[in-house]
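**Q** This is the feature table in TrEMBL:
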{"type": "ACT_SITE", "residues": "Cys83", "note": "active site, acyl-thioester intermediate"}
{"type": "ACT_SITE", "residues": "His332", "note": "active site, proton acceptor"}
{"type": "ACT_SITE", "residues": "Cys362", "note": "active site, proton acceptor"}
{"type": "DOMAIN", "residues": "3-245", "note": "domain 'Thiolase N-terminal'"}
{"type": "DOMAIN", "residues": "254-372", "note": "domain 'Thiolase C-terminal'"}
Amino acid sequence: MLSAKRTPIGKRGGALKDLSAVSLGIHAAKAAIGESGVDPNTIDQAIFGHVLAAGNGQNVARQIALQVGMSDDSTAMTINQVCGSGLKAVHLGQAAIQLGEANIVLVGGTESMSNAPGLIRHTDNDTAPAVEESLSTDGLTDAINHEPMGMTAERVARDFHISRAAQDKFTLISHQRAALATKAGRFTDEIVPIGEMTTDEGIRPNTSMDKLAQLRTIFTEDGTVTAGNASGINDGAAALVLMAKDVAEAHGLPWLAELTAFDERGIAPSVMGFAPARVIPHVVKKAGWTPADVDLYELNEAFAAQSLAVMRALELPADKVNVNGGALALGHPLGASGARILTTLIYALQERHLHRGVAALCIGGGMAVGMGVTLPDD
């Protein structure tokens, strides 16, 4: 991996609301290419994750590729693996290089949840068709069991005995860490500003256990999942440039990280949030590591409940997980999050002079993806 960049993450209807997923992707991609030192005309493929595709035009990845200077001869593919899309895009780029199908690949993910359109289904009668939100239908509802993602989090909280207080405490720590990291400038190297926006919009430095406790549960009256301990609805993008390690070294190009291992696993859709607990041990094993070898973990905080369940099941040390805060504070732009957490992980390792990390995400429909990365010696 030669470079990794991301946009600031905006809230739904916030500072980035007027930018399409394509525009956000272009912004991140230009920054990643510029940082990599490669000529965009020499990039062979672009692969981007994107979930809420309606209204964005054909093949978002191709639109991004051509508008950042890739040649007409290059190819591009947009993929949808829901929350795992951005990380799966990285894996597919890696595979293309390993198979000899490409030398340089632009990968990443992008999402504008603010601009998700309404959907009108065809009807043969005179009844006025109902408008449904694509954000809900295609993004936030389990298409297998036809329930909101939050219900899966409620189920995980119940099955693994995760209390409301524990979820709120985890959320508070996420915001505190993100606020501290922002103030200390730890996101500066990974974020490419958009206009005057230089930081993530959803971080709440002044939240507290009292404020979180006042929020009502969303999905069941006797539940524990609230708008506070669930990730937000967000806009953002991340992009990375991949090249075979030996080719990069032959051309004297410095590299950020090496993609060491990848794994993906399925689980019952009703408890999708627990799936990273199945993936992470396989990533560690494929990398040839032991759990003690992993310096940092980056888990996508879709919900506090599922994050805590995964951490408890694998006995992950809290001081190694999401050290700069996670999606509960930073946000969760669906198609971008996989590439975003990988980018954040790499810079967190680099800033701490550490070398091995694992990124993982749960996926609606009952799956998870995970990737191990190794940074070069100092």
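These residue numbers are counts, starting from 1, taken along the chain as shown.
Note: Cβ is positioned from N, Cα and C throughout, glycine not excepted.
All TrEMBL annotations are machine predictions without curation.
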**Q** Taking just the CA atoms, what is the gap between His332 (active site, proton acceptor) and Cys362 (active site, proton acceptor) in Å?
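**A** About 12 Å separate the Cα atoms of these two residues.
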**Q** What does DSSP give as the helix, strand and coil breakdown of the domain 'Thiolase C-terminal' (254-372)?
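**A** The breakdown for the domain 'Thiolase C-terminal' (254-372) reads 56 helix, 29 strand, 34 coil.
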**Q** Taking 10 A as the limit, how many CB atoms besides its own sit near the CB of the residue listed as 'active site, acyl-thioester intermediate'?
**A** 32
**Q** Would you count the other CB atoms within 10 A of the CB of Cys362 (active site, proton acceptor), including those on all shown protein chains?
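**A** Around the Cβ of Cys362 (active site, proton acceptor), 34 other Cβ atoms lie within 10 Å.
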**Q** Please average pLDDT over the domain 'Thiolase N-terminal' (3-245) for the predicted structure.
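**A** That stretch averages a pLDDT of 97.
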**Q** Between the Cα atoms of the residue listed as 'active site, acyl-thioester intermediate' and Cys362 (active site, proton acceptor), find the distance and write it as a whole number of Å.
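**A** If we compare the Cα positions of the residue listed as 'active site, acyl-thioester intermediate' and Cys362 (active site, proton acceptor), the gap is 7 Å.
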